[in-house]
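For reference, the structure discussed in these notes is given below.
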Amino acid sequence: MTTKQILYPNTKLWMAAIKPPMYSVAIMPIWVGTAVAFAETKNFNGAVFSTFIAAAILILAWENISNDVFDSETGIDQNKHHSLVNLTDNKPLIFWIGNLCLGLGLLGILAIAFWQQDLTVIGIILLCCGLGYMYQGPPFRLGYQGLGEILCFFAFGPLAVEAAYYSQTQTWSMTSLAVSVIVGIATTLILFCSHFHQVKDDIAAGKRSPIVRLGTAKGAQLLVWFTASIYPLTLLFVLLGISPAWTLLSWVSLPFAVKLCRHVQENHNQPDKVSNCKFIAVAVHFWACLLLGLGFML
Ligand SMILES: C/C(=C\COP(=O)(O)OP(=O)(O)O)CCC[C@H](C)CCC[C@H](C)CCCC(C)C
Ligand SMILES: O=C(O)C1=CC(=O)c2ccccc2C1=O
């Protein structure tokens, strides 16, 4: 065996464990909240924006790293070769790296609170972290009851977008609350998609994910409705005068949405084939949210 043959599968496993594309999920609510704030006030604080983005990435890193730690305790990740705990065989190290990310992320948010002399943003982000913990940590493990999608919607939608808006303006806005629903749905699609290929392992570990509860065929149908809901919602907000017409640019993500729905409809019960669907959902989320925010900036 050559060095390349030995290292390559390992590199692939590490990339799957770190999931770089997933971090756009942390960036988009901050981007959209900040874009709405700019559209309404014409003010932009670059230091607050960049600190918030870095902190959000670190907090999401904590969520993912601690997910591997907590899942190693329930046995659900037994066959997940790209679990950080399985890769390193060192649970305490992974646990403390996760906590370090959380600490650094919260420090960034604390800096924003200090600059603003206002605890609102740190309060909201602590609530998000609480939801993130309840998703996977003992004794709650609400994700195992199929409640993760609700937590995900509120954390990445209304809470994160409003926190970003507030970090720029120190006020609230109905517009940012309305568009946060779109960001929340787009993010929740990713979590929903992540369950299709894991039904067997989830059932074995007693995890009742929405796909375990509904079955893969019904899950695939529901996915179509949720994915499709983003586009009329964007149009509705434009027609109601809540969002500028440029936000319809987010419809450019439609080909990815069609690809996602077709792919899941055709392969919902074939774990090997459907396993990449969450990354198609990441593309839907990325383009829909990027262009939604841009629509407010133009
Ligand atoms: C870790 C998450 C999903 C992975 O779940 P699962 O166990 O099915 O994955 P594996 O199969 O890979 O093991 C995401 C969970 C999201 C959670 C419901 C809410 C997280 C809140 C964040 C901490 C909030 C961050 C907000 C930020 C923008 C400031
Ligand atoms: O690994 C995953 O499946 C996910 C990781 C993650 O950070 C995230 C964040 C928001 C929504 C979904 C997901 C995942 O599915």
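A Cβ is built for glycine as well, from the same backbone N, Cα and C atoms used for every other residue.
TrEMBL annotations:
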- 21-38: transmembrane segment (TRANSMEM)
- 44-62: transmembrane segment (TRANSMEM)
- 93-113: transmembrane segment (TRANSMEM)
- 119-135: transmembrane segment (TRANSMEM)
- 147-166: transmembrane segment (TRANSMEM)
- 172-193: transmembrane segment (TRANSMEM)
- 222-246: transmembrane segment (TRANSMEM)
- 279-297: transmembrane segment (TRANSMEM)
Counting Cβ pairs closer than 8 Å to the transmembrane segment (21-38), the top stretch among 93-113, 147-166, 172-193 is 147-166
Could you name the stretch, out of 44-62, 119-135, 172-193, with the greatest number of CB pairs under 8 A to the transmembrane segment (93-113)? 44-62
